[in-house]
Amino acid sequence: MPQSHIPVMLNEMLANLAPKDGEFYLDCTFGAGGYSKAILESCDCYITALDRDPNVIKKAEEIKQNYGERFDFIETNFADSFAKLKEKKFDGVVLDLGVSSMQLDIADRGFSFLHDGPLDMRMSGQGLSAEEFVNIAEEKELADVIYKYGDESFSRRIAKRIVEYRKTTRIDSTGKLAQIVRSSIGFRKGKIDPATKTFQAIRIYINNELGELERFLANVKNILKKDGRLVVVSFHSLEDRIVKNFFKENSEKPVARSKYAKDDIAIDPDKWLKIITNKALATSDKEVGLNIRARSAKLRAAKKIL
């Protein structure tokens, strides 16, 4: 049975975004609308939501009917959104980088190893599909992608098995790919499904998720108002590292000064962020018990000070 969509780290997101009446917020990853709806319900504010997945438009229309002019939706990838936002500025920006339950549970989207369907994995439906990639990529490229984006220690073994399998049969379904991976590794008691890391790796690669996160962060300063907050929920160590490093590189490191020092320290204009979360927040055991898909989530938040 499909799992209903449960927004991850919802309370932590609201606490760090701190929505207020009359303010404007940007939900960069609308999905099933969990974050947008929660922010709209928290106060009398306004939301612009983004998503490149055309399948979420119906859900966006439902929220629009309920909240009217307080809600606006733009069908676009967040990394390409700046021109479409037309110089709007926001009091807060939130990104939930995980694939939504809605995408995972629809077999035809090709994201899930639990539901057999066409091997697609494209969030926008455009560009190279997972089926095309696994059937044309060289063995070394397959291994590198699975290792880099999935942190899969058996990546070479899996890549070799994929290449052997496709010599006689095209890999055109999620079920076939999942079985190839499982047969390469074998099930280990008490561990996650062996196909988890490989599917994650191919999805991240196909959708250029890390590159688009970096591209968005490089421009987010331009759409945040002074004191505006940036909240990012990630599900992969590489995503979290990108966000962590971005916050660190753009924030002022606290300086220990003598109480006798009289001169003021000039503010570095390149250090425009103040980190709110000293370290990444993780999901509680209670939340993971209710939603196993939240187990790897991490939240970081920062505020624009210049």
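From the backbone N, Cα and C atoms, a Cβ is placed for every residue, glycine too.
Tyr35 (S-adenosyl-L-methionine binding site) has a Cβ environment of 28 other Cβ atoms inside 10 Å. Here Swiss-Prot flags Gly33, Gly34, Tyr35, Asp51, Phe78, Asp96, Gln103 as S-adenosyl-L-methionine binding site.
For Phe78 (S-adenosyl-L-methionine binding site), the Cβ neighbour count at a 10 Å cut-off comes to 24, with all displayed protein chains included. Per-site Cβ counts within 10 Å over the binding-site residues Gly33, Gly34 peak at Gly33. The Cβ of Asp96 (S-adenosyl-L-methionine binding site) lies under 8 Å from the Cβ of Pro7, Val8, Met13, Thr29, Gly31, Tyr35, Val233, each of these being in the same chain and 6 or more residues away along the sequence.
Applying an 8 A CB threshold to same-chain residues 6+ apart, the list for Asp51 (S-adenosyl-L-methionine binding site) reads Thr29, Phe30, Gly31, Ala60, Phe73, Glu75, Thr76.
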